[in-house]
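Here is what Swiss-Prot records for this protein:
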BINDING   P95, Q96, S97, R98, G99, L100, G101, S102, S103, A104, A105  ATP binding site
Amino acid sequence: MAIELNVGRKVTVTVPGSSANLGPGFDTLGLALSVYDTVEVEIIPSGLEVEVFGEGQGEVPLDGSHLVVKAIRAGLKAADAEVPGLRVVCHNNIPQSRGLGSSAAAAVAGVAAANGLADFPLTQEQIVQLSSAFEGHPDNAAASVLGGAVVSWTNLSIDGKSQPQYAAVPLEVQDNIRATALVPNFHASTEAVRRVLPTEVTHIDARFNVSRVAVMIVALQQRPDLLWEGTRDRLHQPYRAEVLPVTSEWVNRLRNRGYAAYLSGAGPTAMVLSTEPIPDKVLEDARESGIKVLELEVAGPVKVEVNQP
């Protein structure tokens, strides 16, 4: 029998955004970034109250279909707990549908909130599994759960009927690596951007990406001078260029100047990893083009603060 949690118990969750793929690591590599959503969840006597401030305000649903609410319920079920009612207040800073892990952060925030409400019965591995299930791939969610960089993977069931299993391991990241996000003023649909990908790739391109993923792991951990080489890709970015021409232009422009630029997730954000600040002139050119610039650091894991009644 599920345990009913006490009215008045409240948690505050701070969850980082993330960048997925990092060039060659399609649906595998992720990096937590210092742009955060904060979610306050309180157990109330009955009903559901949802408020959203910041990114997505006036656009996202304010009922049980909100991703944070769905993730809270999934987390409570996994924790064998139930509540009479919930108040959920979201303060969003992660740009939505821009390739910065906003939906994964929402899923992580919900599951982590449920874990805090239930007095933390879930492991990090379970939180990665539950939150990744909403995405269908673990790279963004695992980065937000574990912090830093992650290598993630998916095991599909043999019979095709069981839930895929998601897992990840963290990577140490050199302290001097920073991220600069160039965020265009339009959304990108992950589903639409995935549709342009081919169903098959050549052995040469697969081999190219396998080697660059290995280089990228070394670059993050100990050789940041290899970031440019480690962000090269042949599996997804060349195909997505046709539907994200603005991003592709900026990625190419930056790479031609020696910067480790790549398409962040499904875009449209262009991300640069570096050990030195990007010159002001480059960033000013981006801003004059209507692009928002976020100068970020590698972030730590999701945090949960419990406020007892």
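Backbone N, Cα and C atoms are what each Cβ position is placed from, and that goes for glycine too.
In the shown protein chains, 24 other C-beta atoms lie within 10 A of the C-beta of P95 (ATP binding site). DSSP gives A105 (ATP binding site) a helix state. For the recorded ATP site, residues P95, Q96, S97, R98, G99, L100, G101, S102, S103, A104, A105 set the reference point as the centre of their Cβ atoms, and the other residues of that chain within 8 Å of it by Cβ are G17, I94, N140, G265. Take the CB of A105 (ATP binding site) and look out to 10 A: across all protein chains shown you find 33 other CB atoms. Taking all protein chains in view, 19 other C-beta atoms sit within 10 angstroms of the C-beta of S97 (ATP binding site). Sequence-distant contacts of S103 (ATP binding site), defined as residues of its own chain at least six apart whose C-beta falls under 8 angstroms from its C-beta, comprise L67, Q96, F134, E135, N140.
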